[in-house]
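K.L.:
Sharing a structure, written as structure tokens. Questions coming.
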């Protein structure tokens, strides 16, 4: 058999590339940079001046695991609401500023943990950098330079013809250089584009040229399904190379979904401790149970579980027993019944209509034996090191 490869690796599977070394920032009490865990952000969809609605949505995001939240500030009454929101929010608040530079100073005075500025559409921004740098420096907060393919500086559009990776990177480095000239270096950068390929290349170029922490995002990614695919592909390509320090999954959906997707992306890459993982077969003509419904019911029954548990839901005897044995808990179904596995051992066989109930009970039992909270309750705990 010598010289024949069976495709079995000789050692452990390869790991991701090491995190790219960056300077370190603090956004409120959340660290951003290579020495800190990768954080997950979202943005409120409420009118910021509606303080109660905005704080309520921030509470929902926090409970879902959001680490940092961004709020829009398009009008004077939105800026006026920032002091209360920044004070009462349980997680750091970033003010998102476009067009009007005066809102930057109001956000800093309001106590926001950071400010995102868009150099492509803030009036005469280059001429105001000195003032912004001093105000942010005096307050001890970072600035995110948020370059966006949809609002790139007209000078760069004329130079490159469109929002190319090179144009995005040049914009970001130019603006960062202006801040550095005035002694301000607490900067994070994003170079977002709606095309994941352009976005990935822009971040790769930026990562090679600077040591700023990078906020990853595919802008205008689209509805939940499309946006999840785009963000997962782009983030996976970058994070696997050690590029990226904080992420936001932009979806045309409830912002809580952004947190769920972002958290799952990080878990899938082992960049966050894994929690509940459902392994289920895609179903085929061999399936002897309704795998779709079974997997959905098990997932719903264990939603909010913080305990790291791999649950296999398999629909036939071909791959079912093997997958179930490799999981912490699993079922291999067939002939109107299911074999329940725990740590590779069959512990019982139950009728098909008792599979979901049995799996949920066993999951709780395993978690309780480990002294862990099995259901929702611990899910609001922020996992990022603060």
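Cβ coordinates come from backbone N, Cα and C, glycine included.
According to Swiss-Prot, the protein has these features:
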BINDING   281, 284, 316, 323  [4Fe-4S] cluster binding site
K.L.:
Secondary structure at residue 316 ([4Fe-4S] cluster binding site) (DSSP, helix/strand/coil)?
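P.N.:
SS state of residue 316 ([4Fe-4S] cluster binding site) = coil.
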K.L.:
Where does residue 281 ([4Fe-4S] cluster binding site) sit in DSSP terms: helix, strand, or coil?
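P.N.:
The three-state answer is coil.
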K.L.:
Please report the number of other Cβ atoms within 10 Å of the Cβ of residue 316 ([4Fe-4S] cluster binding site).
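P.N.:
The answer is 19.
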K.L.:
By a simple count, how many Cβ atoms lie within 10 Å of the Cβ of residue 281 ([4Fe-4S] cluster binding site), its own Cβ left out?
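P.N.:
By my count, 20.
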